[in-house]
6 protein chains.
Amino acid sequence: MFFHVKELQYNAKPSKPDPVYAKKLQEILGGQYGEMSVMMQYLFQGWNCRGNEKYRDMLLDIGTEEIAHVEMIATMIAQLLDGAPVNDQEDAAMDPAIGAVLGGMNPQHAIVNGLGAQPNDSAGYPWNARYTIASGNLLADFRANLNAETQGRLQVVRLYEMTTDPGVRDMLSFLIARDKMHQNQWMAAIEELEESQGAVVPSSFSPEHEISDVAYSFMNFSQGEESKTGRWARGSSMDGKAHFNYVQQPEANGQKPQLNPSPPYMHGTPPISDGGPAEMNH
Amino acid sequence: MFFHVKELQYNAKPSKPDPVYAKKLQEILGGQYGEMSVMMQYLFQGWNCRGNEKYRDMLLDIGTEEIAHVEMIATMIAQLLDGAPVNDQEDAAMDPAIGAVLGGMNPQHAIVNGLGAQPNDSAGYPWNARYTIASGNLLADFRANLNAETQGRLQVVRLYEMTTDPGVRDMLSFLIARDKMHQNQWMAAIEELEESQGAVVPSSFSPEHEISDVAYSFMNFSQGEESKTGRWARGSSMDGKAHFNYVQQPEANGQKPQLNPSPPYMHGTPPISDGGPAEMNH
Amino acid sequence: MFFHVKELQYNAKPSKPDPVYAKKLQEILGGQYGEMSVMMQYLFQGWNCRGNEKYRDMLLDIGTEEIAHVEMIATMIAQLLDGAPVNDQEDAAMDPAIGAVLGGMNPQHAIVNGLGAQPNDSAGYPWNARYTIASGNLLADFRANLNAETQGRLQVVRLYEMTTDPGVRDMLSFLIARDKMHQNQWMAAIEELEESQGAVVPSSFSPEHEISDVAYSFMNFSQGEESKTGRWARGSSMDGKAHFNYVQQPEANGQKPQLNPSPPYMHGTPPISDGGPAEMNH
Amino acid sequence: MFFHVKELQYNAKPSKPDPVYAKKLQEILGGQYGEMSVMMQYLFQGWNCRGNEKYRDMLLDIGTEEIAHVEMIATMIAQLLDGAPVNDQEDAAMDPAIGAVLGGMNPQHAIVNGLGAQPNDSAGYPWNARYTIASGNLLADFRANLNAETQGRLQVVRLYEMTTDPGVRDMLSFLIARDKMHQNQWMAAIEELEESQGAVVPSSFSPEHEISDVAYSFMNFSQGEESKTGRWARGSSMDGKAHFNYVQQPEANGQKPQLNPSPPYMHGTPPISDGGPAEMNH
Amino acid sequence: MFFHVKELQYNAKPSKPDPVYAKKLQEILGGQYGEMSVMMQYLFQGWNCRGNEKYRDMLLDIGTEEIAHVEMIATMIAQLLDGAPVNDQEDAAMDPAIGAVLGGMNPQHAIVNGLGAQPNDSAGYPWNARYTIASGNLLADFRANLNAETQGRLQVVRLYEMTTDPGVRDMLSFLIARDKMHQNQWMAAIEELEESQGAVVPSSFSPEHEISDVAYSFMNFSQGEESKTGRWARGSSMDGKAHFNYVQQPEANGQKPQLNPSPPYMHGTPPISDGGPAEMNH
Amino acid sequence: MFFHVKELQYNAKPSKPDPVYAKKLQEILGGQYGEMSVMMQYLFQGWNCRGNEKYRDMLLDIGTEEIAHVEMIATMIAQLLDGAPVNDQEDAAMDPAIGAVLGGMNPQHAIVNGLGAQPNDSAGYPWNARYTIASGNLLADFRANLNAETQGRLQVVRLYEMTTDPGVRDMLSFLIARDKMHQNQWMAAIEELEESQGAVVPSSFSPEHEISDVAYSFMNFSQGEESKTGRWARGSSMDGKAHFNYVQQPEANGQKPQLNPSPPYMHGTPPISDGGPAEMNH
């Protein structure tokens, strides 16, 4: 169960309205790596956590914090939209500054949301649940989380570069710091799990059931061998169980596929005799 | 530019048809972490790669291999659908085995695809491009890739458990081995980049512009302190620049938000006087 | 900012696993009118609320409660999936009960989520943000909310009919009661706002700018006049400003549209001379 | 079965082209609360109506009218796009007015639709069927309909404010009037059904099966008690069966969830012993 | 403007309920090539038609007919769902026939739609507007239409094979015949336009601006030369302007791409010196 | 299995950056009829091809070529984004040219992709697999392919008109020529199949099972008889089996639908007695 306090976790006060920037800021609210994504991802991972209370508690801690981040950004966006001009094109043509605002705004911020934040990204695309993962394997999911915080911080930093508003930058400075912590946090949790479980997920699958001779080979499917100089092509493997090797000319070891004709009740194309399909009922 | 050879990278031959399993196998073809996702993700990362030929070449190597994995699984699915029964419910009721098949099949495999594979997941949901990322920051993207190979291998292993068909298992054994390599590969590439760039992405953002006093704090937003015992709450941080600390009772440091009324041309709800909104034009 | 307590708002304990019912229960978690929808809808309406603290506070109260409902249903689903069979089809064919389970389960519950809840509906379709609305007009949004609680309670009641598990029914009995309150709540809030603002949204648009002679007419576009006997076709209008009237044979009062040809640089079909399009460059 | 007449229900003639406004107008054509949504919603409700001919007829009357509204707006948009400039950026930079048009247009109006309307919203997002509901319960659906006409009229009014074109405003004045009628209509139909069925949907569910002591309680999950002063927190309930009460400090009455470990064939994270997960096969 | 008559265009009466078949039949209602798609596609093409009244009238004729087809199928589905069992799993396990029904039904037909049709496909995926096209070029669009009627008739025929219900088959026999007409219709319209415009769309683009030496070449990018024996690799081209030729070993004639480094404010990966990226700020 | 060569199939070098045009060019990369669509469509048709090696080989030839087209356009977009300005609005207001760029760019090109191409269309909507078809009937699918190349070439030609950059136009000239070949190719393959299979798909369905008296009738559902003058309304049918006829006043031959009431456990609206629904349990 959850409780809400009125104050934000950190200030979210722009110096002045900027409806074009409001559109851009939507990316870290309702985008693929926005705060809604990490919020839902951590909460579902926590709720689905089976028998590891330390991790469940941690996931619900951070999932709950992320709701507060959604709240901060939504609040910021609503203020950036304060008094946005929605006049017609004629006025805009006379004042290039207004024209730039009108051309760059998300029209739904006015028409649909009445100058409020929306749960969409900066292209106006709605958030959807396929952005999240809760796999039931914590090491797998912590890698998803590290990725999310990595992409997320990168996007916040880029948005920091795209404004000079000190109030907006202040809030972003907070989020950038929290994302630094969260990258550190998932790296720590990953290290902890890798130590006991091994590096390859899932560690519980027996290696006997793998085609082991391709389990440590880098295959060169693209002309040129620049890829040969990478760490992935030489030295001991990262799981410490073998050595990487480089396959300069990978071979096709499978069959040349030939599918059976489909049954008549499927009304596919029948097998073709020389020069054209066989006689049909027509 | 690309070329195709007819033989598959590895065999994809089921022992017998199994249209219910064909539906499940769609997950690793067109699902969030299926082969289409990694194929598109690696190719776009390679094509967008700016000035690092070793990584560009490597990305196009593995992206090109993944097209072959899509091909193998599509071929397998088409064969699992061979001669699938599509009779009416009456027959099914008389033969529970047929009933189970009919109830468990994806009806689109027959109606839409004529017993062919489709670029969808096991729930019949179409693959979409938001499953992929190419951020222009390689360390960020390699973490996305490690996550994808981790979730992907976990799913293939689960599918291995869900069949006893030796032909299907043979193909999955190959994919499970390749995914082991690919997890190793991304771990190696990540280590290489972290060594020169540091662990927190993006490393090029100056720490002065962060609210540094929250950059290494774990915050306890969920009742109970089980989360305090994790690696993320004590010891030196993973980026080696500070120590983790645990905030037992996080405080709200932001403002209590109060938004301005919207302008009249937005036709929002006007500010409310005591007991109800102010007089309006009606 | 938000805090979490470990206990659920109400018990969510099934008597025994039932993975087929778990699939169905997803509807009220991640469906169009599931708990995720009302949670996000109320929170965004609260965060976007401009200058009406009573309503903002109320929206955040109920939005915060809804997070707890998401939590309860996710927890229930994870337990309904406990130990779900994921064996191959052969076993299933021998045991009709297992076959029914396998055919009726959502395969992603095993493959993707490792027997955990997912933020999707009962057809496996992911939750998306277009399910929610926050328009900046509270009366408009409270009608959206009343609709959501109405559809939602109807769905919970249907799910109650679809199980006999006393533990599941116990939780649903709680949700059904809360949805009764929430229908009552929105009706109360609507009445309060309608009293001061009038019944037609937005009330702030001047009637002079409407084509007033069609503002209270029911138009009979479908053969037969059964619709004439409804309340909407006679008596005073619900906003108390006019009388309904019934237009037996509505007329088309607009132009017969004729669009201009498109400019050459659009490469559309040029205007057609008698018998065929004009000469073109080919 | 349906028939079409060539004339529009009302005039749809802009005074002059305005491709930027054409983009905005898409919202009420293919948006969440646009005319396509109400058209499909009313038609499906009518087609699915079981045994209540008065309502079926009424739903098909209004559903058929809405097709005509889609037609009017599509026609308007095509004319607003007449001769839209699609030149390159260089020209645009020289003429700010053209630049504003180019920046503000939806590029698909030219590239994909050749200056025609598209079934998308103002952000370019395609209409989809999850915008509609037909639940089989008329009172539930009429509330959905009242909400749709409420949000819809609000959006049309906002679009009226965003243009000064007298031809566009004329058409919007017609739609605003029809939406006034349609709000009135659904209020009338709701009143009629509530009188016989009661206010809480579904009325056919027995109150004995509800946890009745939470069925009329407003719960204060958000710090501060502004919400206490609302109509929803005191006085008799809207269904006339009880009194509202205000729960100042809601309690968690459910269990503290603890899920069982997942079975080995799911390859989840095993239960953790002190300090880390138990030994695993690696 | 549109009018509705109560009678269906043709009978839609099943002999008995069949909720599993109802799910399958959704494909031709709300699927990619279902009746909703052709209905919306023809109507939008008609509404956007610029200056060719014969085609506009024809498009609105057939678009209006398709609304009636949506109506017939929706009516059929609602009847196939009559009295569908929605009991719990325990009963189902005891009666395999009921189990097959429960496992094969779309649960939303009960939970969301109360035994009514829904605007979705047979996988439960909602119809969306990206299924349609209205390009402003009639020859382009008539090819889209021929494709839609071709895929559509193929699907209806497959559904015919999947039932023995004489009532259902009767309705499908009508739709199959209409789809035969509609394939003929679009072939006729295409022939008419190709005669005046030429076969390659758009015919109005000057051949001088094409790289003409690849405009009639079949390129062999896949190992093996079976493709050489097709009509597309020899003889005169279909537009009658040249001869097909077969390129046995296509060459890459473009540059080897090398992208510039991204600017610092993008925080991408900097160019790599030998063995690793250059020094960075960390 | 696939191999990659480093050189592009044809040059993709813009004369100078143009981030606004980069947004537009996305349409033919990740749009409904972009190169990703034909690439996936041809590959899946090839992989699913049952027993017709000439067609399988041809499909994989062209599918493999299309991967190279995706590569070319992605490369072009990345270069068009070189050094794109992402400054704040204030600068933009002072320089209309920069303002036009900022207003017209896709913000995700900077925030999400770090100046790289993305697998989306020009409205920022992600590519999805419902854009493709592989039906198992080659004639059906070749019509889909002809449509795709037709719409695709039309879009490329429009994009050619929207730029004056000689480098961009050079690449488009190549694609326009290849699309001419591909239209020719599919016309050739269609002719070949129609000759042996007949023109109506599927030809294998027996005409006895159709309602033959509507199989060649054009029905006039829209007021006015302009449609009577088309080729589709007179003369022999395109399949050569009958003559077209024109039905001036089509009749409704089906039943007037009346659905049964839903069962009580569905909690729908009960049948209505005179003046309102029957007594209910409330």
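Note that Cβ sites are derived from N, Cα and C of the backbone, with glycine treated the same way.
Those TrEMBL annotations? Automatic predictions, nothing curated.
Remember, predicted model here, so these are calculated numbers, not experimental data.
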Co-listed Mn(2+) 1-binding residue [TrEMBL; alongside A:E35, A:E149, A:H182] among A:H4, A:H69, A:H109: A:H69
A:H182 (Mn(2+) 1 binding site) CB neighbourhood, other CB atoms within 10 A: 26
Those binding-site residues listed as A:E35, A:D61, A:E149, and which of them has the most Cβ atoms within 10 Å of its own Cβ: A:D61
Under 8 Å by Cβ from A:H69 (Mn(2+) 1 binding site), counting only residues of that chain that are 6 or more apart: A:Q9, A:E35, A:V38, A:M39, A:L175, A:R178
Neighbouring C-beta atoms (10 Å sphere around the C-beta of A:E66 (Mn(2+) 2 binding site)): 24
For A:G224 (Ca(2+) binding site), the number of other Cβ atoms found within 10 Å of its own Cβ: 16
Cα-Cα distance linking A:E149 (Mn(2+) 1 binding site) and A:D57 (Ca(2+) binding site), given in Å to the nearest integer: 19
Binding-site residues satisfying Cβ distance under 8 Å to any chain F Cβ, from A:E35, A:D57, A:D61, A:E66, A:N220: none
Rounded Cα-Cα span from A:E149 (Mn(2+) 1 binding site) to A:D61 (Ca(2+) binding site), Å: 16
Against chain B, in sequence order - binding-site residues A:E35, A:E66, A:H69, A:H182 with Cβ under 8 Å: none
Spatial neighbours of A:S222 (Ca(2+) binding site) that are distant in sequence (at least 6 apart) but have CB under 8 A: none
A:H182 (Mn(2+) 1 binding site) versus binding-site residues A:E66, A:N220, A:G224 - nearest by Cα: A:E66
Additional residues around Mn(2+) 1, ordered along the sequence, whose Cβ is within 8 Å of the centroid of A:E35, A:H69, A:E149, A:H182: A:V38, A:I62, A:E65, A:E66, A:A148, A:G152, A:L175, A:R178, A:D179
Cβ-Cβ neighbours of A:N220 (Ca(2+) binding site) (radius 10 Å): 25
A:N220 (Ca(2+) binding site) to A:E149 (Mn(2+) 1 binding site) - Cα separation in whole Å: 31
Conformational class of A:E66 (Mn(2+) 2 binding site) under the three-state DSSP mapping: helix
Rounded distance in angstrom between the Cα atoms of A:G224 (Ca(2+) binding site) and A:E149 (Mn(2+) 1 binding site): 34
